[in-house]
């Protein structure tokens, strides 16, 4: 049971994790909608006989435009937040999301209306996915920060699971209700998130940056659930003042600084960007954006049930991933996860190509696709965000994380447009493409991502500045502690030696003085 001073901030931060539901829901809703007859009749292309089909080009556009908006929202929201504050910026982009969702839900027969709607919802999803973790990092009590970060990723998986269940439930209906309900429900989650931010105070550190110290103290006390004159508030205010003073001395952080070679910032930015790209090129969003279509290509009968199974596995195995990252470490989880995902994709592709119409082969395909999803959910799913969040100095963290988030959405966009076209040519052989990407991700993780389990931000800085190879980094903290211990022992030995020499010298001086005194007598 958290103490009273943690309850309010913890509740607000967990409430804000609903942004993850928007992320998962919006990114995965198309997989079921594209297979609904009513949706195809309204937004597909119809031939002379009246048969309407949603082409792969239109599927790519509807899915990809969300990623276009999200990429713009993720990268652009950081600058807006620096000027207007995290809370107000999040409120603005949630409102934009609601406008997009309303346009999408009310669409009649205009394909362009869907495209505009997806672009607007993408702006909202991209901005909140980048800003909410930053807001949570500032507002959450330090001892609960891991729980809060994990809850965001868990909400992403819950959003994917929720839309899979809804699409399956509505697939038995013939009319427009079949697709309007899944699309409309996303507004409910957005309204709840909006309420959460309305009840949240503005970031105390943003107010401090603007010189609004009284307001900063008031909001900090509000978050901690303590009186403004409480000693804990005063202690934290001193930390805020010191951090603000240092930032003012250095000057405002800029995106250009993220690419500086000083303190290996460029290398660290590249790690943050590529770990997010690595998360996308696993192929995970292909299975949740086009999973129904993949199941049809593979010859699976109940495609909606297939999607529910994958989404359920995704939720279930997110829990061991959250635990494993702090117990086993970052590198082992990423490497084992990539190896298992590689195995799953190779087996799925081989079986589906060798026995395309076999029921046993279909069962094997489902089993190894579940292995792939489970491996992702417990490794690259949560750990990519952890690595991205702890790689940078505090001053540049929000900007560098925003770049990583933007890269995530950019590759989501590329996959959204390219994957249906590739699958239309090579069918289930697309899993071999993901397997090749996973081999690259494994190599990148082995040679580039260091082990940072249990390290403070200062220790992470020291690790990068030491230029320790990533594959030797697991011993860095222990070697640093040993080095400090040896240095302390040497310093103590030198000090003891000096004291001994001084003692001998004093004894010699006293004896000499006594001898001289005796001689004079």
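Backbone N, Cα and C define each Cβ position, glycine as well.
Database features (TrEMBL):
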SIGNAL    1-24  signal peptide
TRANSMEM  88-105  transmembrane segment
TRANSMEM  111-135  transmembrane segment
TRANSMEM  147-169  transmembrane segment
TRANSMEM  181-200  transmembrane segment
TRANSMEM  271-292  transmembrane segment
TRANSMEM  304-325  transmembrane segment
TRANSMEM  332-352  transmembrane segment
TRANSMEM  364-387  transmembrane segment
TRANSMEM  399-419  transmembrane segment
TRANSMEM  425-449  transmembrane segment
REGION    477-521  region 'Disordered'
COMPBIAS  477-486  compositional bias 'Polar residues'
Subject >> Recorded stretches the transmembrane segment (271-292) and the transmembrane segment (88-105) touching, at least 3 CB pairs under 8 Å >> reply: no
Original post:
To the transmembrane segment (364-387), which of 88-105, 181-200, 399-419, 425-449 is linked by the most Cβ pairs under 8 Å?
Top reply: 425-449
Original post:
For the transmembrane segment (304-325), which stretch among 88-105, 111-135, 332-352, 399-419 has the most Cβ pairs under 8 A?
Top reply: 332-352
Subject >> Annotated stretches the transmembrane segment (111-135) and the transmembrane segment (332-352) touching (3 or more Cβ pairs under 8 Å) >> reply: no
**OP:** Sort out for me which stretch, of 88-105, 147-169, 332-352, 399-419, 425-449, has the most Cβ pairs below 8 angstroms to the transmembrane segment (181-200).
**Re:** 88-105
